[in-house]
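*Asks:* The following feature annotations were taken from Swiss-Prot:
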type: DOMAIN; residues: 5-70; note: domain 'J'
type: ZN_FING; residues: 136-214; note: zinc finger
type: REPEAT; residues: 149-156; note: repeat 'CXXCXGXG motif'
type: BINDING; residues: C149, C152, C202, C205; note: Zn(2+) 1 binding site
type: REPEAT; residues: 166-173; note: repeat 'CXXCXGXG motif'
type: BINDING; residues: C166, C169, C188, C191; note: Zn(2+) 2 binding site
type: REPEAT; residues: 188-195; note: repeat 'CXXCXGXG motif'
type: REPEAT; residues: 202-209; note: repeat 'CXXCXGXG motif'
Amino acid sequence: MAKRDFYEVLGVERGASEADLKKAYRRLAMKYHPDRNPGDKEAEDKFKEANEAYEVLSDASKRAAYDQYGHAGVDPNMGGGAGAGFGGASFSDIFGDVFSDFFGGGGGRGGARGGAQRGADLRYTLDLDLEEAVRGTTVTIRVPTLVGCKTCNGSGAKPGTTPVTCTTCGGIGQVRMQQGFFSVQQTCPRCHGTGKMISDPCGSCHGQGRVEEQKTLSVKVPAGVDTGDRIRLTGEGEAGSMGGPAGDLYVVVNVREHPIFQRDGKHLYCEVPISFADAALGGELEVPTLDGRVKLKIPESTQTGKLFRLRGKGVAPVRGGGAGDLMCKVVVETPVNLDKRQRELLEEFRKSLQSDTSHSPKASGWFEGMKRFFDDL
């Protein structure tokens, strides 16, 4: 079964902060921890899945590799380092950590103040020809996104005015709510955590601080990419709000079908039609490769479906390593539209085979097997 996206496992956006990741992980860990679900295999699997996702995303280097290459970037078999164990997280550790936050402990772990929010990450599907994917290329794309409003410089306020302090939270961005015996701190519902209110909004962005725009970008595609590979353009996602950083743009590669070649990782496959005569007598023919035509020697008595390997004529992987091979599968074509002379020759040839089955070992074996089958009935 294919692994789920780690961000999806934790239920967070790709631009999630470390605090958001930890909060999401603790929530899942408390729910599915084996100490709370003894003997529940499904809960144990979900706990392992959450643990593996958090192990990768909480590590800056592993997260960067995952964002760039997906699961392959952190696969131990490909040089990555993600594991899938329990990671040593006990239920008491997780449980205590949550209550520390709930009662206001942890030295200010209640989240960012001031309302600054990171912009959303964007996804763009880039269609490439096989030749472009194999050799690499540079393409220009246009991406609809949100950019900072130039009229108000992203503040959302009309030029010449400034936001005023929120009267609900007094500019703190947080309010305290009484829930039974506990006093819980929450984001201010009026200013949404900014601590400011815009009394006279900007006419260009209507107080949002961002406007829609088509952004033109140049994307350098490395040689060897394949369908599903992602190219991360840092800071090219949506602009942040209230001074927050921009998100990232993920360019997802989609390689179009090729009229001749099929790709499987670093190897290429193609079918090569050959004549009945060439299959029987042998010969030499030209076959296409991504580097041009090459000669392929066909030995006599070649059967349809035989594979010929052209070493090094495949694809050099984007993450390094030697190029793959081109696998040519020969397909023997039955001649059609025969003239009178050709039919006479084939009739004569067929008669010559009827008295000698050594020329058709597979057919001879099949008929012998069929005869034994009916004899045994």
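Each Cβ is built from the backbone N, Cα and C atoms, and glycine gets one as well.
Tell me what's around each of these sites.
*Replies:* Mean predicted confidence for the domain 'J' (5-70): the pLDDT average there is 86.
Per-class residue totals from DSSP over the zinc finger (136-214), listed helix then strand then coil: 0 helix, 35 strand, 44 coil.
If you draw a 10 Å sphere around the CB of C205 (Zn(2+) 1 binding site), it holds 22 other CB atoms from the protein chains shown.
Within the same chain, residues at least six positions away from C169 (Zn(2+) 2 binding site) with a Cβ under 8 Å of its Cβ are V175, C188, R190, C191, G195.
Distant neighbours of the repeat 'CXXCXGXG motif' (188-195): 113-115, 163, 165-169, 171-175, 242; these residues of the same chain sit at least 6 beyond its ends, with a Cβ under 8 Å from one of its Cβ atoms.
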*Asks:* Which are the residues of the chain, C149, C152, C202, C205 excluded, whose CB is within 8 A of where the CB atoms of the Zn(2+) 1 site average out, their centroid?
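*Replies:* In sequence order, the nearby non-listed residues are K150, T151, N153, G154, S155, G156, A157, P201, G203, S204, H206, G207, Q208, G209, R210, V211.
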*Asks:* In whole Å, how far does the CA atom of C149 (Zn(2+) 1 binding site) lie from that of C166 (Zn(2+) 2 binding site)?
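*Replies:* C149 (Zn(2+) 1 binding site) to C166 (Zn(2+) 2 binding site), Cα-Cα distance: 22 Å.
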*Asks:* How many neighbouring Cβ atoms, not counting its own, are there within 10 Å of the Cβ of C152 (Zn(2+) 1 binding site)?
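*Replies:* Result for C152 (Zn(2+) 1 binding site): 23 other Cβ atoms within 10 Å.
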*Asks:* What residues, ordered by sequence, lie under 8 A Cβ-to-Cβ from C202 (Zn(2+) 1 binding site) and sit at least six positions away in the same chain?
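*Replies:* Same-chain residues close to C202 (Zn(2+) 1 binding site) (Cβ under 8 Å, separated by 6 or more) are C149, T151, C152, S155, G156, A157, K158, P159, G209.
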*Asks:* In the same chain, which residues outside the set C166, C169, C188, C191 have their CB within 8 A of the centroid of the CB atoms that define the Zn(2+) 2 site?
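*Replies:* Neighbours found: T167, T168, G170, G171, I172, G173, Q174, V175, P189, R190, H192, G193, T194, G195, K196, M197.
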*Asks:* Measure the Cβ-based neighbour count of C166 (Zn(2+) 2 binding site), defined as the other Cβ atoms within 10 Å of its Cβ.
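*Replies:* Result for C166 (Zn(2+) 2 binding site): 21 neighbouring Cβ atoms inside 10 Å.
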